[in-house]
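S.K.: Annotations per TrEMBL:
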ACT_SITE  His225  active site
BINDING   Ala123, Asn195  NAD(+) binding site
DOMAIN    15-118  domain 'Aspartate/homoserine dehydrogenase NAD-binding'
DOMAIN    174-259  domain 'Aspartate dehydrogenase'
Amino acid sequence: MTAVHGAVLRVGVLGHGAIGANVAGALRRGAVPGAVLGGVLTRGGDAAVPASVPDMRGLLASADVVVEAAGGPALREHGPAVLAAGRDLLAVSVGALADEDLFRELTRLTAAGSGRLLVCPGALGGLDALRAAALAGPLTRVRLTSSKAPASLVQPWMDEPAADRLRALRPGDSPVTVFDGDAREAAVRFPRNANVAATVALAAGDWASVRVRLLADPDTPLTRHVVEFAGPVGEYRFELGNLPDPANPATSGLVAHAVLRSLADLVPGAAWRVA
Ligand SMILES: NC(=O)c1ccc[n+]([C@@H]2O[C@H](COP(=O)([O-])OP(=O)(O)OC[C@H]3O[C@@H](n4cnc5c(N)ncnc54)[C@H](O)[C@@H]3O)[C@@H](O)[C@H]2O)c1
């Protein structure tokens, strides 16, 4: 559980790349009332980074909640220690949770009364409605269709002709389907695109029933996600078009702000919020 010292929520940030630096900077500027930057842990313990701490021990001492913004391997390496220390863990590299062993270990720690594992919606939205509909009864359909720049979908396991076909797509060409399968397989085969599929699966409460299509679309600078679901209380469809983060074209600019929104919801004592 988030332990709040005094009146503020102290935030530790793991990773100081596009998302981490943006979140840390915004916290320093007071962008989230009631939350302050506790510490930042970079890979090399870079002392030039404001609020830098040398190691995970230092980060845990500085924070009530730790934001993981450092990638799947870092979530695997540090997530258990964060939870075992009784700190909440706000995970951004959600695709790593497709690893059943990691998910089991993290949730076992939370069940033991340690910190909570919190999944940041990241590049997505509408998860409140998805979770509500899933609570109403079994969903009959959950679909995610993501359209991205072709080059971002090239994977090391693709053979050269397949990779070249993606790289050769030019504006005006029709989008190409590069994957059609379930959410866990999407997370494994397209790890850099796994976060959104994993987030939908976790919100729906079921990996196997989430059908994911990935399209290489040479025609737009936006990364588009269409989420569709149906169940006993209705049919839903929402679409997001994200521009890239200027500091990292593989990350949507929305993500750092989604982290700040998640943190705002953890600050106790707010007079009102959209919950
Ligand atoms: N949920 C979503 O919608 C979503 C969207 C985009 C990115 N992401 C995830 O967020 C992660 C971060 O994205 P980004 O754009 O900031 O990436 P980035 O590459 O700009 O920054 C990652 C930073 O983490 C640091 N790092 C790596 N391992 C570390 C460790 N063990 N300890 C400390 N620092 C470490 C790297 O040195 C780098 O500075 C991505 O890896 C991705 O998995 C999630």
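Just so you know, glycine gets a Cβ as well, placed from its N, Cα and C.
How about a rundown of where these features are and what they're close to?
M.R.: Annotation note: His225 (active site) sits in a strand segment as assigned by DSSP.
DSSP gives Ala123 (NAD(+) binding site) a coil state; it is part of no helix or strand. Residues within less than 8 Å, Cβ to Cβ, of Ala123 (NAD(+) binding site) and separated from it by at least 6 positions along the same chain comprise Asn195, Val196, Thr223, His225, Leu240, Asn242, Thr251, Ser252, Leu254, Val255, Ala258.
Using DSSP to sort the residues of the domain 'Aspartate dehydrogenase' (174-259) gives these counts of helix, strand and coil: 27 helix, 39 strand, 20 coil.
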S.K.: Have a look around His225 (active site) and count the other CB atoms within 10 A of its CB, chains all included.
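M.R.: For His225 (active site), the count of other Cβ atoms within 10 Å is 24.
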